[in-house]
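Comments concern the structure below.
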Amino acid sequence: MQPRTPLVLCVLLSQVLLLTSAEDLDCTPGFQQKVFHINQPAEFIEDQSILNLTFSDCKGNDKLRYEVSSPYFKVNSDGGLVALRNITAVGKTLFVHARTPHAEDMAELVIVGGKDIQGSLQDIFKFARTSPVPRQKRSIVVSPILIPENQRQPFPRDVGKVVDSDRPERSKFRLTGKGVDQEPKGIFRINENTGSVSVTRTLDREVIAVYQLFVETTDVNGKTLEGPVPLEVIVIDQNDNRPIFREGPYIGHVMEGSPTGTTVMRMTAFDADDPATDNALLRYNIRQQTPDKPSPNMFYIDPEKGDIVTVVSPALLDRETLENPKYELIIEAQDMAGLDVGLTGTATATIMIDDKNDHSPKFTKKEFQATVEEGAVGVIVNLTVEDKDDPTTGAWRAAYTIINGNPGQSFEIHTNPQTNEGMLSVVKPLDYEISAFHTLLIKVENEDPLVPDVSYGPSSTATVHITVLDVNEGPVFYPDPMMVTRQEDLSVGSVLLTVNATDPDSLQHQTIRYSVYKDPAGWLNINPINGTVDTTAVLDRESPFVDNSVYTALFLAIDSGNPPATGTGTLLITLEDVNDNAPFIYPTVAEVCDDAKNLSVVILGASDKDLHPNTDPFKFEIHKQAVPDKVWKISKINNTHALVSLLQNLNKANYNLPIMVTDSGKPPMTNITDLRVQVCSCRNSKVDCNAAGALRFSLPSVLLLSLFSLACL
C-alpha cells in the first residue's frame, strides 16, 4: 500500500460517514458505522493507520475512551485505529468499545480476504450497517447493541438508544424478550420516555451470546402503537476462558523402532471463548518431557493440530535400552494464537513405547535334571528361560514343546504365567521296572512371532534327564474285577474261586498274603496263603445286600515289603435264583353286604420274591377242608389275580376264608393265608358292620382297592 493511501482512505471514509449520518437530522449517540470489513494485508505495520472510527455521544465526546479487543491495536483520541507492532495475523474479528459519561457503543471490524490487496478503495473498505438493511419505512429506528462481557460496576449503564421520530406525544417505549420479561429477567430495561436502553448487571457471553429483544411504542393505556421491532444485543467476547483438555486421560502408544515422524496421538483442547476471535485460537507446545533420556526432545507436537510425533531415530526408540518405556509430556494449549498474553491450560500425555518381539527366549542352561518316584504324577522340574522383551506381552510369554523322548505321552509341559518357567509334569505314572531313565528334548518359543531379522537359536532348546526311583508297589489282582456265577442255595463251605495277585516289584521277590476287606453279608472266607475263597453261609439272592442279583465283596493282597504295600481286588458274584420263596396274597381283609345283589367279594393278587419262572402264573384255591363248597367261589382273572365271590347271601358276621396260592416253580411252593370277610348290614346307603365286629368298608370300596392293587402290578 502506498504511503498516501491511508490518508486517502480516511478522507473517503469520512465523506461516506458524513453522508450516512445525514440521513437523520437528529443526533444518535454511538458509532456512526457499526461494522467494517477490512481486507487482510500481508502485514499490519507498527503505528500504521488502518482506518478512522467516528463516535459521538451528541454532547461533545467529553472524556472519550476507546478499548480494542486485541492487545496489538489501539484507537487514538481522534478515532484512528493503528497497530502497536508488526503482526501478520489477528484472527477474524476485532471489536472497538467507545465510552463517555453520556454514551457508549461497540464497533465490529471483520478481517477478510488474503494478503494481496487489489481493487478500488471502496473494495478495500466495505461499509455496512448491520441493521436496518435495507432501510425500512418505519418510525422506530434501532441498531444492534454490542456490549462487552464482564463489565464492572456501576450498573445500570446505558448501552444504546431507540429513536422514534414520529412518536406521538405521551407515547411510551416498551422492551420485551429474553432478558427483560423472560428468564433471565431484568437484565435489560428501557427508559419509556427517552428510549435509552441500559444493562443492569455483568454479562457472560459463554452463557448467552446474543439476546433477541423487541421494541414497541404504546399509548398511555399500554396499547401497541408501533412494533414490535427486533433489537439484537450482542455480547462481545473477552478472553476470560482458559483452554481445557476435556477428553483425558491421554494415553498413546508407539512401537519401538518406529521411523522418525511416526504419529503417536492427537491432543486437542477446548476454549469456551468466541471461536471467531483469537480468544479461542489455540496453539500447542510441549512444556516438559519426563524422563528426558536419551533425548530431551523425543517428541514434537504440531502447534495447530495437536498431533504428537516422534522426532528421534528408530535406534533411540529401543524399549530394551530405555530406562523407562513410559514417557509423560506436559502439553500446553495457549489461546490468542500462542501469544504471550494468551491464557493457557495444560494436560499430561502418557506415551508407552510398545514392545515388539525382537528377542528370542533362551534357556538358562542346556541341561536340566529331575527325579520322580514310579507311580507318581505331577510337576517334576521347572525349566527357566530369559527374555528381554516386555513381560506383559506375547513377545515375552513362552510356549514350550517336547520334541523328543515322549513316545508314550507320559510327560506334559505347561508355562507358568507368573514366572514364564516351563513346568514339566508326569501325567502317566512311570514304571521303574520298565524304564529307570528318560531323556527329553524341550523347545521354547514365544507366543508372538519373532520379527523378520531375529530367529530361534541353539539356546532355545534344552535337554531334561529324568531318573525314576523304585518304590514298593502294591500287589495287583488279575483280573479285576473277578466275576463268578453261582446258585443262591449253594451249600456252606463251597469254593467260589481262587484269587490271584502279582507283585509289580518283580526284582524284590516278595510274598503275598490275602484277607477279606469288605463282605457286607458275612458269607465269604479267603485262604491267606493261596487266595481260595469259599462260603461260610448260605447265599441268598433276596438278601438286602444283593443288588440286581449281584453280590460285591472286596479282598486285600498285602506284600512283605517294609513297609508293606497293599492292593485291592473286587469280586462280583452273580446269584442264580432258586424257588425258595412261597407266594403271598393281598389284600387279606374284605367286606360285603348281607343283602348284596352283586355277590363278588374281593379281587385277590399274588406276589413272589423269586424270579421268573419261579413266580407266576399263580394257582388260587379255597382250602376245601375248612370251608363248605356251596358258599364260596374263587375264579381266575389272569396269571396274578383271582376273584372271590359268594354263592349266596350270608348273615352279618366275620368269616375266615383260607386261600391257597401256588407258584410255578419246580418244585412249586404253596402258601395258605386266611382272607377275613366281614358281612355287614347295608340299609339306606349306610353300612353297619358293628354287629359283626367288622371294619367299616363297603363292598364297592373293597372292590375298588382290589382293582387299584391289580393296576399297580
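Keep in mind that glycine also has a Cβ here, set from the backbone N, Cα and C atoms.
Not measured: the values here are computed from a predicted model.
Residues annotated as signal peptide in Swiss-Prot, with sequence analysis given as evidence: 1-22.
Annotated N-linked glycosylation site per Swiss-Prot: N52 (among others), in sequence order, evidence recorded as sequence analysis. DSSP assigns N52 (N-linked glycosylation site) to a strand segment in the three-state reduction.
Taking a C-beta cut-off of under 8 angstroms and a sequence separation of 6 or more, N86 (N-linked glycosylation site) has the following same-chain neighbours: E43, F44, I45, E46. Residues annotated as N-linked glycosylation site in Swiss-Prot: N86 (among others).
Look at Swiss-Prot and you will find 139-245 tagged as domain 'Cadherin 1'.
The domain 'Cadherin 2' annotation in Swiss-Prot covers 246-363 and rests on sequence analysis.
Residues or ranges marked as domain 'Cadherin 3' by Swiss-Prot: 364-477.
The N-linked glycosylation site annotation in Swiss-Prot covers N382 (among others). Counting every protein chain shown, the Cβ of N382 (N-linked glycosylation site) has 13 other Cβ atoms within 10 Å.
Long-range neighbours of N500 (N-linked glycosylation site) (same chain, six or more residues apart, CB within less than 8 Å of its CB): F477, Y478, G531. Taken from Swiss-Prot, the feature N-linked glycosylation site applies to N500 (among others).
Look at Swiss-Prot and you will find N530 (among others) tagged as N-linked glycosylation site, backed by experimental evidence. Annotation note: N530 (N-linked glycosylation site) sits in a coil segment as assigned by DSSP. N530 (N-linked glycosylation site) counts 10 other C-beta atoms within 10 Å of its own C-beta, drawing on all protein chains shown.
For N598 (among others), the entry in Swiss-Prot reads N-linked glycosylation site. Cβ neighbour count for N598 (N-linked glycosylation site): 12 (other Cβ atoms within 10 Å of its Cβ, all protein chains included).
For the recorded site, N638 (N-linked glycosylation site), the DSSP three-state label reads coil. Counting only residues at least six positions away in the same chain, no Cβ atom sits under 8 Å from the Cβ of N638 (N-linked glycosylation site). Feature annotation from Swiss-Prot assigns N-linked glycosylation site to N638 (among others).
DSSP classifies N671 (N-linked glycosylation site) as strand under the three-state reduction. Under the heading N-linked glycosylation site, Swiss-Prot lists N671 (among others), citing sequence analysis as support.
What Swiss-Prot lists as GPI-anchor amidated glycine is G693.
The CA atom of N382 (N-linked glycosylation site) is located 91 Å away from the CA atom of N598 (N-linked glycosylation site).
Of all Cβ atoms in the shown protein chains, 17 besides its own fall within 10 Å of the Cβ of N671 (N-linked glycosylation site). Put simply, of the glycosylation sites N52, N598, N671, the one whose Cα is nearest the Cα of N530 (N-linked glycosylation site) is N671.
Confidence across the domain 'Cadherin 2' (246-363), taken as the mean pLDDT and rounded to a whole number, stands at 95. In this structure the C-alpha atoms belonging to N52 (N-linked glycosylation site) and N671 (N-linked glycosylation site) are separated by 138 Å. There are 18 other Cβ atoms within 10 Å of the Cβ belonging to N52 (N-linked glycosylation site). A straight line from the CA of N598 (N-linked glycosylation site) to the CA of N671 (N-linked glycosylation site) spans 29 Å.
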